[in-house]
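Annotated features, as they stand in TrEMBL:
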- D29: active site (ACT_SITE)
- D29, E216: Mg(2+) binding site (BINDING)
- 30-34, R42, H46, 74-76, W78, R80, R197, 203-205: substrate binding site (BINDING)
- N77: active site, proton acceptor (ACT_SITE)
Amino acid sequence: MTAQSTKLEDLPSDLKKELLPKHVAVIMDGNGRWAKRRGLPRIMGHKRGVDILKDLLRCCQDWGIKALTAYAFSTENWGRPQEEVEFLMTLFQRVLRQELREMLEENVKISFVGNLLALPNALQAEINTSIEETKNNHGIKFNVATNYGGREEIIQACRAIAEKVDKGLLQPNEINETTFEHHLYTAGNCDPDLIIRTSGEMRLSNFLLWQSAYSEIYFTDTLWPDFDRSEFKKALFAYQQRERRFGKVS
Ligand code: FPP
């Protein structure tokens, strides 16, 4: 980890511990623009983005947030220039290998959501190693959405359920929200309380479509490579001002 960490007691005094989200999800947008503004190649924005993500993970641990999900690569991102896609795949692989020891020391439990079988074999191997090695950790849960698309996730869940019905393992009237959630990539996770998207874009871009039904969404103009702890604190502060009614009245 490159950035300096603080400890749990360093939760900023204007944030209330009891009102922290349990699960934060991030759409890390703006890496390319950040690099372009500095006359750098786009990949430099992604590299800097990794440092920001690592510090955010540390910050979530320090401040007592239980789960962090990061949108690293969408099913649509394959349409980027081939060299950028290749760079990202190699970057994911390298970061996983480099950070495994620290994740073990820090008790991080990593998991991945998305269609992993379409990823390069070497990356799949690194992913499997990191899942296996951290599976007994019980600290923060770190979910990486890789080759993830919300629509694709819903379709594969429908297909898996249909196959069970076809084989007589499930009755159609047994399909409910709980059954459905068990077939999503995110099975076993709680829904995100707070979704943050950086860089001024105001949309979900196929991220956690089912799971975001009652998430609070925070948009900021800040580009991902500039999204430091003070920006995260602002997002949490905004979240704590909101009244979550889940369709009910106050
Ligand atoms: C979007 O910015 C960013 C991405 C598609 C990649 C995000 C990935 C990381 C930060 C690396 C994460 C690493 C691990 C190991 C989880 P953009 O390129 O669309 O930016 P732009 O909109 O300014 O062009």
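Every residue, even glycine, has its Cβ placed from backbone N, Cα and C.
Automatic, uncurated: that is what TrEMBL annotation is.
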Spatial neighbours, same chain, of G32 (substrate binding site) - Cβ under 8 Å, 6+ residues apart: R42, G45
From recorded positions D29, N77, E216, the one whose Cα lies nearest R197 (substrate binding site): D29
Recorded positions close to ligand 1 - of D29, G30, G32, H46, R197, only those whose C-beta is under 6 Å away: D29, G30, G32, H46
Residues that sit under 8 angstroms from E216 (Mg(2+) binding site) by C-beta distance, when 6+ apart in the chain: P21, D193, L194, I195, Y239, R242, R244
Length of the line joining the Cα atoms of H46 (substrate binding site) and the residue listed as 'active site', in Å: 10
Cβ neighbour count (within 10 Å, all chains shown) around N77 (active site, proton acceptor): 17
Same-chain residues at least 6 apart in sequence whose Cβ lies under 8 Å from G30 (substrate binding site): G45, T198, S199, G200, T222, L223, W224, P225
L204 (substrate binding site) versus D29 (active site) - Cα distance in angstrom: 11
Candidate with sparsest Cβ neighbourhood (10 Å radius) among W34, W78, the listed binding-site residues: W78
Among T75, R197, L204, the most crowded of the binding-site residues [Cβ within 10 Å]: R197
The residue listed as 'active site, proton acceptor' versus W34 (substrate binding site) - Cα distance in angstrom: 18
Euclidean distance between Cα atoms of the residue listed as 'active site, proton acceptor' and L204 (substrate binding site), Å: 14
